[in-house]
C-alpha cells in the first residue's frame, strides 16, 4: 500500500542536504553572503527533528527552505478567494467616502469662521454670502451621506452652527423676516438641543420691529426653557421683558419684572429701571424704597487693593501692571455705571418725593447717599441741586449752595467754583467770574471747563490773544472739549486768523457730525476767505441736516446775490420767506428784487407786510406808497401818505411827498395846507436844533473846565508818584479802550461784531459750563451785498411820480 503522505509539499530542486561538497555550492555561498540583510524569522519547529514518513532520500538537490510545518501553505485556499476580495474593496470605498465627506465638512467649518470674521470687520453683505454658500454645501453633504448610507456619522454641531450663522447674518443685514424664518427652522428641529435661547434672538428682532407683544411672548418661551440655576441668564431675559412692558406703557407689569430681578439678582440697571417705572406711576413711597434698594447694591470694586502700602518694588510693579488691565477697566465701567445710576435716579425722584418740593427731595436723597457706601456722591448731588435752582432762575440759593462746597476736596471745589464763575458770567459780572475761574484752576489746574471759562472772561475784556491761549490749554487737557474748540474758532476769527479758525471748526465737526451751527461757522470762514463755492457746499450740507432753517437759506441767497446769480438768490430768499415771513431783511431783499425786475405791484405787497411787522419805521410806509404811486394807484398812494402823516407828524419826507402829489393832482387847497405844515415843521426843527446846540456847547465848556482842573491835580499827583518811585495803575489805558469802544457807530459794525462768542448752556457737573450750544442762540447770518434802494433818498423817488 502506498504511503498517503508521499510527495507531500515536496520540491525536487535544491541541494543535497548530505552533500559533502556543499561549501563549493554557489547557491549556498549566496545564502551565506546575504546573512544579516533581513530580519531573522524563527522557525516553526522546535526541539529535535524526528524522522518524517514523508522523507524520501534522493540524490537530487532540494532547497533548504522547503522544510516547513506539516499542512502549512504559503497562500490561502482558492475556495472563497473572490468573495473575500469583494468585502475588502467595499470597506475601503466606505472609508474613502467618509474621509471625503469629512474633508468637505472641514471646509464648511472654515467658511463659517470666515463669515463671522467678515461680519466682525463690518462687511455684513460678504458675511451673508459666505454663510449662504456654507449652508448650500452643508445640504449637499447631508444628501451625500443619505445616498451613501452614512447618516450615523452626521455632524449635528456643524449643521446647527451653519444654520445659526445664516440667521445671524440675515439679522446683521436687517433682513428680519428671513432671519426669523431661519431661527424658526432651528427651533422646530427636535434634533437640536438647548435651543431655547434662540428665542431670545427672535424676541430681539420683534423688539427692533416694535412688535413688543410678540417680543414678550418669545422672551417668556425662552425663559421657560432656561434652567433655574442659570440666574444671570434668567435675569437678563426678565430685563428684556420689562423693557418691552415699558415700551407698551404697562409700567405695573414692567415694575413686577424688575422687582423679580432685584429679588433674585440685583443690579444697577434693573434697579434704575424699577425707579423709573415707579416714577411713571407717580408712586413716591415706592420710589423711596427702590432708591434705598439701589443704594444697597454693591459695586464689587475694591479701590484699596490698587493703593501702594509698602516700599516693595515688586508689589509696586504688580500694582502698576494690574491697574491698567482689562479687569481694572471693567471695574471702572461698573463704578461709573453705579455712580451715574444713583445720581440720575436722585435727580429724577427728588422733585416728587416730598410734595413737589425739590429742595426737600434733594436733602432726603443726600442724607440717604451719605449713609450708603456711595457717600462721596453727596457733593455731586449738592451741585445738581444748585443747578436745579439755576434752571428755575433762582440764582441766590444756587450761589449759596456752591459757596458752601468750597471747603470740600479739590475736585468738588473746582466744580463748584467753575459753576460760580459761569453764573457770574451770565450775570455779566466779569470780575467775579474771573475770580472764581481762577479759584477753580487753583483747585484743579487740569479742569478744561475752568480753562474755558477763564478764557471767556479774558475775551470779554477784549484780550483775544490770551483767551486763545486758555482755549488751547483746555484742548491740551481734553482734545475733544467742544466748548474750547468752538470758542477757539471764534477767537481766531476775531484776530483774523482764518486758517486756524477753520482748523478748529473742522475738528469740532469731526466730533459733532450733525451740528448745523458748526457747519455754518465753517461756511462763514470760507466766505471770509473768499471761497464762495466751499461756503455754498457747507451751507447746503447744513441745510440737509436742518431742513427748515430760514437763516441758512437767507445766507445762501446772499452769497448767490454777491456772485450775480439773481435767480438762485431769489429762490433761496423766497424759500426763507415761506419758512419765516417775519424777517425784515428777507422782505426788503424780495421787494428790492421786484423793483429791479419792474414789478412794483409785487414789491408793494412786501413793503406793506414790512410796515405791519415794523410799524414804527417810516421807511416801509413811504416805500409802500411809492410803489402804489409807481403802479398808477395815485389816490391809494395819497391815502397811504395821509395815514403815514398821522402816524409820523414830524416826518418831513411825508409832508414833501404830500405837497408834491397834491400839486400834481391839482389839489391846490390841500397842497397849501401841507406846505404850511411843512414850513411850521421846518421852523420847529430849526428851533429844536438851535436849542440842542446851545445846550451841547454849554455842556462841553463845563466838561473842559473840569478836565482842566483834573489835569492840574493829576499832574501834581503824577509828580509826587514819580518822585516816590511808584508805578501808575494803568487806568488811562483802560479808559481809552472804553472810549474807543463807545465811539463805534452803528453803521460801522460788521457781521463779525454781531456774532456772540459766549453761548448760554446749562452748566453741569460732567458737561463744561462754558460757552456754545445754546438753545436761545444761533449764529447770525450775513445780509450779503446790500442792494442800493431806490427809495432811500428823496430825490431818487422823483421817477416814481406819475407823469
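Every residue, even glycine, has its Cβ placed from backbone N, Cα and C.
Of the given residue ranges 35-71, 72-108, TrEMBL assigns the label region 'Disordered' to 35-71. Below 8 A, the CB atoms of the repeat 'TPR' (235-268) and the repeat 'TPR' (516-549) form no more than two pairs separated by six or more positions in the chain, fewer than 3 in all. Below 8 angstroms of C-beta separation, residues 650, 652 of the same chain, each at least six residues beyond the ends of the compositional bias 'Basic and acidic residues' (685-694), sit close to that stretch. In the repeat 'TPR' (196-229), helix, strand and coil residues by DSSP number 25 helix, 0 strand, 9 coil.
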